[in-house]
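*Asks:* According to TrEMBL, the record shows the following:
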type	residues	note
DOMAIN	48-272	domain 'Radical SAM core'
BINDING	C62, C66, C69	[4Fe-4S] cluster binding site
BINDING	S137	(3R)-3-methyl-D-ornithine binding site
BINDING	E162, R181	S-adenosyl-L-methionine binding site
Amino acid sequence: MKNIIDQIYNTSEATGDELLRLLNNVDEESTAYLHLRAHEKRLSVYGNKVFMRGLIEFTNYCKSNCMYCGIRRDNKNADRYRLDTETILKCCREGHELGYRTFVLQGGEDPFYTDEDIVTLVKAIKSNHPDCAITLSIGEKSKESYRRYKDAGADRYLLRHETNTKTLYEKLHPDMSYEARIRCLQDLKEIGFQVGAGFMVGLPGQGNEDYVKDLLFLKKLQPHMVGIGPFIPQQDTPLAGANSGTLETTCIMLSLVRLLLPKVLLPATTALGSLDPKGRERGLQAGGNVVMPNLSPTNVRDKYLLYDGKICTGDEAAHCRGCIERRIQSVGFEVDMSRGDHVDRLTQK
Ligand code: SAH
């Protein structure tokens, strides 16, 4: 296994057969070696810095019905909320004072906010905080809509591909198409966003062949960011009784993505931290270099429940900032509060 890992480390390339052989045969020793090589790669590109993104979950209304997601349309138990512009701007102000220079606006797919609303919001944040990057994560839209957000000043867009196995994708996403998802990612790239794709680990029915497809897809797409987290069941969804993804497999995927796409911005996700008390630390040690602490107002925190057992649902933004900083330092990394652009974009601000 060491040979394949070294080869990926040296060339950032691997065939599907090699990846499958690796995934089918990893043991404790080769996993430790994989994490070590991924850690070295991350140090060589980004040093020991961990970039901070302030996450604002501004609506949990959603017209989609993803089988795994706690804010899916059919979940009648979800306590729905929307933040108005003033409240979102206040979150940004508070975040800016805490040092954040990236704001991630994430939400369900909520048609209540028109393109015009999103444009107005992006412009207002940019005008208040011209030194900050804005990331949108609001799902599938037309290319024209994406272009309007970009023209308004949005810098980045997160849209996980979720799984690159078409049959599994369509089983998990009623009324959605795999092709449309991929089209959106291509549109976002063409428009010039820094783009984030990514997938869940441990979905029911998902196996090593599926992960290989995810990894090869990412290699081909060359996104700037990759979000990878374990699937965690949510009690009011059709997948309530399924098993969670594991910390081990998630960290293996993080390391492989770091080796295949050395410059990628790779979060140690909240889902990973929710699965295991040291999950985010482990994610950073496996090659992750981003964390996304929550800036949402405390009174809505416990309503954006994509999965059960989500951490930090009651904490103030300042508390999250301090807590995550201590965690980052505890495993030998250093907090970086700058915009944290992808290295290929640093000269193009
Ligand atoms: N509506 C936006 C944001 C979705 S929520 C969009 O479609 O892009 C952000 C991410 O949370 C999703 O992309 C999904 O990968 C993840 N997620 C949703 N439910 C989850 C669950 N039960 N366990 C783990 N991750 C989940």
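A Cβ is built for glycine as well, from the same backbone N, Cα and C atoms used for every other residue.
Any TrEMBL annotation is an automated prediction that lacks curation.
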*Asks:* List every residue in the same chain as C66 ([4Fe-4S] cluster binding site), at least 6 positions away in sequence, whose Cβ is under 8 Å from its Cβ.
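*Replies:* Within the chain, C66 ([4Fe-4S] cluster binding site) has Cβ neighbours under 8 Å at R72, E162, L172, H173, M176.
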*Asks:* What Cα-Cα separation, expressed in whole Å, is found between the residue listed as '(3R)-3-methyl-D-ornithine binding site' and C69 ([4Fe-4S] cluster binding site)?
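*Replies:* Cα-Cα distance, the residue listed as '(3R)-3-methyl-D-ornithine binding site' to C69 ([4Fe-4S] cluster binding site): 15 Å.
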*Asks:* Please report the three-state DSSP label of R181 (S-adenosyl-L-methionine binding site).
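*Replies:* It is helical.
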*Asks:* Identify all same-chain residues not among C62, C66, C69 whose C-beta atom falls within 8 angstroms of the centroid of the [4Fe-4S] cluster site's C-beta atoms; report them in sequence order.
*Replies:* S64, N65, Y68, G70, I71, R72, R73, G108, E109, L306
*Asks:* Using a 10 Å radius around its CB, how many other CB atoms surround C69 ([4Fe-4S] cluster binding site)?
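*Replies:* Summing over all protein chains shown, C69 ([4Fe-4S] cluster binding site) has 21 other Cβ atoms within 10 Å.
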*Asks:* Summarise the model confidence on the domain 'Radical SAM core' (48-272) as a single mean pLDDT, whole number.
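*Replies:* The predicted confidence over the domain 'Radical SAM core' (48-272), as a mean pLDDT, is 98.
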*Asks:* With the Cβ under 6 Å from ligand 1 as the test, give me the qualifying entries from the binding-site residues C69, S137, R181.
*Replies:* C69, S137
*Asks:* Rounded to an integer, what is the Cα-Cα distance in Å between C62 ([4Fe-4S] cluster binding site) and R181 (S-adenosyl-L-methionine binding site)?
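*Replies:* Taking the Cα atoms only, C62 ([4Fe-4S] cluster binding site) lies 17 Å from R181 (S-adenosyl-L-methionine binding site).
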*Asks:* Run through the Cβ atoms and count how many others sit within 10 Å of the one on the residue listed as '(3R)-3-methyl-D-ornithine binding site'.
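*Replies:* The Cβ of the residue listed as '(3R)-3-methyl-D-ornithine binding site' has 17 Cβ neighbours within 10 Å.
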*Asks:* What is the number of other Cβ atoms found within 10 Å of the Cβ of C62 ([4Fe-4S] cluster binding site)?
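*Replies:* If we count other Cβ atoms within 10 Å of C62 ([4Fe-4S] cluster binding site), we arrive at 22.
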*Asks:* For C69 ([4Fe-4S] cluster binding site), just give me the three-state DSSP call.
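*Replies:* DSSP call for C69 ([4Fe-4S] cluster binding site): coil, neither helix nor strand.
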*Asks:* What's the number of neighbouring CB atoms sitting within 10 A of the CB on R181 (S-adenosyl-L-methionine binding site)?
*Replies:* 21
*Asks:* If you measure R181 (S-adenosyl-L-methionine binding site) to C69 ([4Fe-4S] cluster binding site) at Cα, how many Å is it?
*Replies:* 17
